[in-house]
Amino acid sequence: MSRKASEDVEYTLRSLSSLMGERRRRQPEPGAPGGERSLLAAESAASLQGAELERAARRQFQRDETPAFVYAAAAFSALGGFLFGYDTGVVSGAMLLLRRQMRLGAMWQELLVSGAVGAAAVAALAGGALNGALGRRSAILLASALCTVGSAVLAAAANKETLLAGRLVVGLGIGIASMTVPVYIAEVSPPNLRGRLVTINTLFITGGQFFASVVDGAFSYLQKDGWRYMLGLAAIPAVIQFLGFLFLPESPRWLIQKGQTQKARRILSQMRGNQTIDEEYDSIRNSIEEEEKEATAAGPIICRMLSYPPTRRALVVGCGLQMFQQLSGINTIMYYSATILQMSGVEDDRLAIWLASITAFTNFIFTLVGVWLVEKVGRRKLTFGSLAGTTVALIILALGFLLSAQVSPRVTFRPTTPSDQNTTCTGYSYCNECMLDPDCGFCYKINGSAVIDSSCVPVNKASTTEAAWGRCDNETKFKAEGAHWAYSFCPTPYSWTALVGLVLYLVFFAPGMGPMPWTVNSEIYPLWARSTGNACSAGINWIFNVLVSLTFLHTAEYLTYYGAFFLYAGFAAVGLLFVYGCLPETKGKKLEEIESLFDHRLCSCGAADSDEGRYIEYIRVKGSNYHLSDNDASDVE
């Protein structure tokens, strides 16, 4: 500690001692009402040891003294979140160009969208063993290298098979990053900033999604090679992260676990600036020693986690949060935002892409709100409020699609079906019925605001941009004749309701349910189980991500568009009950203290918020424990 810092601490100690002495002089006489307790409080304060006073003073003095190095480490780490957001968001706009140029059918579109997600799920499940063996830093370097290679393959792809290979490589990279980055940030951050810095990762995810939507819009005017720029630009942040991590240190906790104690002390001291690290270092080392004693039993870590009640409960909470994040429909919204807007009646592809960027921007801005709220409101309240608002927004979105369905245009023109064609499409009477069949499209003309000469006909199997036969079987011809072709949407005056619903959804989702599952999972596991716990929860996130993204179009087909969003609202409501009953508050607690929150049965751990405002709750007075009042605690602190 510097000379100036030492003088400041000594001054703070003198001030605190004076304050304690003044408090003792102000105590009532023993015979006065409350005198017995006041005397005991005075004796309690007098019995505090100098070391306790010094720790209290250092906490007060050092609270805001965090080196810029910690923020730099968090920022370079969070570039993994940016890649996560960019690579999962950019495919939405790129697909509109790819399906035209490479004439992709529905199956190949689904493969390219979900291929990266599936690979990420596999990588996330294996990532626990990977970053436990190689270290957090090496795992992040590997992730950024994979993203760089995958992006280059995508930019140079000449066919759909190469595109799929590139998406798989990118998926492996973002899967490793998805569960390693939050752990690294949590382990290098001081307790008072941990939640905020981990939330920065989610801020970068949403920033990546917003940037991807802007890139999609900008390059949507390049019909031939625009998708190459969209998919290839992800290599730039991947290279920056790789170069940055060549100069960043390994996690001190991982180094201590591997026996590299001197290096760990040096790095921990560098990351804590003017703060003394002895207490934190001893706490980490002691927890590791205890965990290593418990780990002497044979068997995989996941088996030990499941057999040990506190970690089993933590795993249920962590995986449950990730599951409900996906079941509430977030990646349906993000992957299919342009498609959802088209479903609501937006005809032009470019307009749908630019409108989708509004939703991505909303997600980004309100994630910033979450960064500000996480250490003020706490994890539990923020998650609960976010999920409650998300449920309401999904209901509003569903009602908007229901309203559009109620005014769906009728089929007024039934062309003669060629003898070799299926007649299923021509049998539908309304546009919304036609749209729910993936083999059909809606051909129509517009007179003022009225839809006229409308028919439901089979879609061209080689391209969804035109019909298999009839007036709309040639895009150039039907546009010249004033006709319109709609696939997966119906013309409606209520298309604005979908945009409002999407924006409202992200206003509520982004501050809480977006970052909190990752933040909570980075905190709730003991060190010996942290990598495996985060790998399992990230894997659950990706698995349900795949399930929801692969089934959305089929769900909309069988349940209707509004039925699909009512279903997601139901899942979100169940998640609300889960958060209320099972999620404890971890705000302001050391990572080594959080395990005790799961000592009790699962659905009582979130029954009440913790009193995190007091550092000293009990002191020893003449051989017995005395509970300090709030005022006592504030005086000591």
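Just so it is clear, glycine is given a Cβ too, placed from its N, Cα and C backbone atoms.
Remember, it's a predicted structure, so these values are computed and weren't measured experimentally.
Here's what Swiss-Prot has on this protein:
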type	residues	note
CARBOHYD	Asn422	N-linked glycosylation site
CARBOHYD	Asn447	N-linked glycosylation site
CARBOHYD	Asn474	N-linked glycosylation site
MOD_RES	Ser6	phosphoserine
MOD_RES	Ser44	phosphoserine
MOD_RES	Ser47	phosphoserine
MOD_RES	Ser629	phosphoserine
MOD_RES	Ser634	phosphoserine
REGION	15-38	region 'Disordered'
TOPO_DOM	1-65	topological domain 'Cytoplasmic'
TOPO_DOM	87-114	topological domain 'Extracellular'
TOPO_DOM	159-167	topological domain 'Extracellular'
TOPO_DOM	189-201	topological domain 'Cytoplasmic'
TOPO_DOM	223-228	topological domain 'Extracellular'
TOPO_DOM	250-313	topological domain 'Cytoplasmic'
TOPO_DOM	335-352	topological domain 'Extracellular'
TOPO_DOM	374-382	topological domain 'Cytoplasmic'
TOPO_DOM	404-497	topological domain 'Extracellular'
TOPO_DOM	519-538	topological domain 'Cytoplasmic'
TOPO_DOM	584-637	topological domain 'Cytoplasmic'
TRANSMEM	66-86	transmembrane segment
TRANSMEM	115-135	transmembrane segment
TRANSMEM	138-158	transmembrane segment
TRANSMEM	168-188	transmembrane segment
TRANSMEM	202-222	transmembrane segment
TRANSMEM	229-249	transmembrane segment
TRANSMEM	314-334	transmembrane segment
TRANSMEM	353-373	transmembrane segment
TRANSMEM	383-403	transmembrane segment
TRANSMEM	498-518	transmembrane segment
TRANSMEM	539-559	transmembrane segment
TRANSMEM	563-583	transmembrane segment
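The structure, with features from Swiss-Prot marked on it.
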residue	record	DSSP class
Asn422	N-linked glycosylation site	coil
Asn447	N-linked glycosylation site	strand
Asn474	N-linked glycosylation site	coil
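Between the alpha carbons (Cα) of Asn447 (N-linked glycosylation site) and Asn422 (N-linked glycosylation site) lies a span of roughly 30 Å. Less than 8 angstroms from the CB of Asn422 (N-linked glycosylation site) sit Asp439, Pro458, each of them six or more residues away in the same chain. Here Asn474 (N-linked glycosylation site) comes close to Glu466: these same-chain residues lie at least six apart in sequence, with C-beta atoms under 8 angstroms from its C-beta.
Averaged over the topological domain 'Cytoplasmic' (519-538), the predicted model has a pLDDT of 83.
Of the ranges 66-86, 314-334, 539-559, 563-583, the one with the most Cβ pairs under 8 Å to the transmembrane segment (353-373) is 314-334. Using a 10 Å radius centred on the Cβ of Asn447 (N-linked glycosylation site) and all shown protein chains, the other Cβ atoms total 9. For the transmembrane segment (66-86), the partner stretch with the highest count of Cβ pairs under 8 angstroms, out of 115-135, 138-158, 229-249, 383-403, 563-583, is 229-249. Mapped onto DSSP helix, strand and coil, the topological domain 'Cytoplasmic' (250-313) counts 47 helix, 0 strand, 17 coil. The recorded stretches the transmembrane segment (383-403) and the transmembrane segment (229-249) do not share 3+ CB pairs below 8 A when only pairs 6 or more apart in sequence are counted, and are therefore not in contact. Pairs of Cβ atoms less than 8 Å apart link the transmembrane segment (229-249) most often to 138-158, out of 115-135, 138-158, 314-334. Looking at which of 168-188, 314-334, 498-518, 539-559, 563-583 has the most CB pairs under 8 Å to the transmembrane segment (115-135), the answer is the stretch 168-188. Remote same-chain partners of the topological domain 'Cytoplasmic' (374-382), defined as residues 6 or more beyond its termini with a Cβ less than 8 Å from a stretch Cβ, comprise 192-193, 195-196, 199, 511-512, 515-516, 519-520, 579, 583-588, 606, 609, 612.
When the stretches 138-158, 168-188, 498-518, 539-559, 563-583 are ranked by Cβ pairs under 8 Å to the transmembrane segment (314-334), first place goes to 563-583.
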